[in-house]
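One structure is given here, and the rest of the page talks about it.
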Amino acid sequence: MLKKTTWIKLPRNVLVGHDVIGDLAAAIEELYLDGRPLIVTSPTPDQLIGNRVRSQFADPQTVSVDHASFDAVEAVIDTAKATDAGYLIGLGGGKPIDTAKMASDRLGCGFVSVPTAASHDGIVSGRSSIPEGDTRHSVAADPPLAVVADTAVLAEAPWELTTAGCADIISNYTAVKDWQLAHRLQDVEYSEYAGALSQMTAEMLVDNSDAIKQGFEESAWLVAKALVSSGVAMSIAGSSRPASGAEHLISHQLDRLVPDAALHGHQVGVASIVTAYLHTGENGEWEDIRAALADVGAPTTATELGIDEEIFIQAITSAHAIRDRHTILGNGVSEAAAREAAVFTDVC
């Protein structure tokens, strides 16, 4: 007798395109959210389009966060209660969006994502990444009820943020392989639909990497659509598995060893070159991944990340201990094997 159940939580409204920031209020109106919004942002995005957002609502409140942290989450919760906010709008990059997402989950209220940079798939997913000391916590939360991604705004963001978003998506290649490996070896539940969607999203960026250029709004359109698809894949799976495997473990270990050395997306992109080699060997997909990263202008080596090569190799050998998630790293990669993979792929 079948006893399986699944509960998939997805955004109800997703707007991506030119000047859609002006449709934010209309997108929220369809959600029938009560009360006034609390806009969670940071100084730069607030200066950029904060007034365009506030002008669409009656008596909106704003709170600015400088860093994503558990203290920032508590501050947003306190402000939301003090201002009697009915729902939260995360306006900006990863810091305000992750903070608002986690705060809304704690408050039990609605959350709307308004990214100003296409830097990572957290703009759509049901995961918040919150640092604490030398550790970065991936915290489960509900995905946003709506996502409004204005490609004109995204195209004006620093290009390195867009290339980080590209690299984050391209790394889905190896995340899906790790998920499939865990399914075969440890009977981890695998969703064919979520896996296929994540894989297709990575392939879309790899196949179009030479068309993603700085200063073109069409590039922001391609990356934003890919980030939405990746976030939806995670919502379907009910976990971060479609977009997070060994490459993310290596990135998290780098965060511990050399905090704030490079952008998250860039770190997982470079790490995925190595993990693809570990999966498929000398003539595998690592070359396609490396070429696509180079096409968009993302780093492809430890040196380009600003990270010492020996530290990068150390991260490969110790990343398996970050969390209990089976990947190609298994119970640990030897230093010799890590060095061979990193040197053969020109990462080190």
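Glycine is treated like the rest: Cβ placed from N, Cα and C.
Over all protein chains present, the Cβ of ASP98 (NAD(+) binding site) has 30 other Cβ atoms lying within 10 Å. Per Swiss-Prot, the feature NAD(+) binding site maps to GLY94, LYS95, PRO96, ILE97, ASP98, THR116, ALA117, ALA118, SER119, SER125.
The secondary structure of ASP121 (substrate binding site), as reduced to three states from DSSP, is helical. With a cut-off of 8 Å between CB atoms and residues at least 6 apart in sequence, the same chain places GLY165, ASP168, ILE169, LEU227, SER230, GLY231, MET234, ALA243 near ASP121 (substrate binding site), listed in sequence order. The annotation substrate binding site is assigned in Swiss-Prot to ASP121, ASP168, HIS252 on the grounds of sequence analysis.
The Cβ neighbour count for ASP168 (substrate binding site), using a 10 Å radius over every protein chain in view, is 35. Among the features that Swiss-Prot reports, Zn(2+) binding site is placed at ASP168, HIS248, HIS264, with the record citing sequence analysis.
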Closest of HIS248, HIS252, HIS264 to PRO96 (NAD(+) binding site), Cα positions, binding-site residues only: HIS264
Sparsest-packed of the listed binding-site residues (GLY94, PRO96) - C-beta count within 10 angstroms: GLY94
Neighbouring C-beta atoms (10 Å sphere around the C-beta of HIS252 (substrate binding site)): 24
Between HIS248 (Zn(2+) binding site) and GLY94 (NAD(+) binding site), the C-alpha gap once rounded to whole angstrom: 16
Alpha-carbon spacing, ALA117 (NAD(+) binding site) to HIS252 (substrate binding site), which is rounded to whole Å: 21
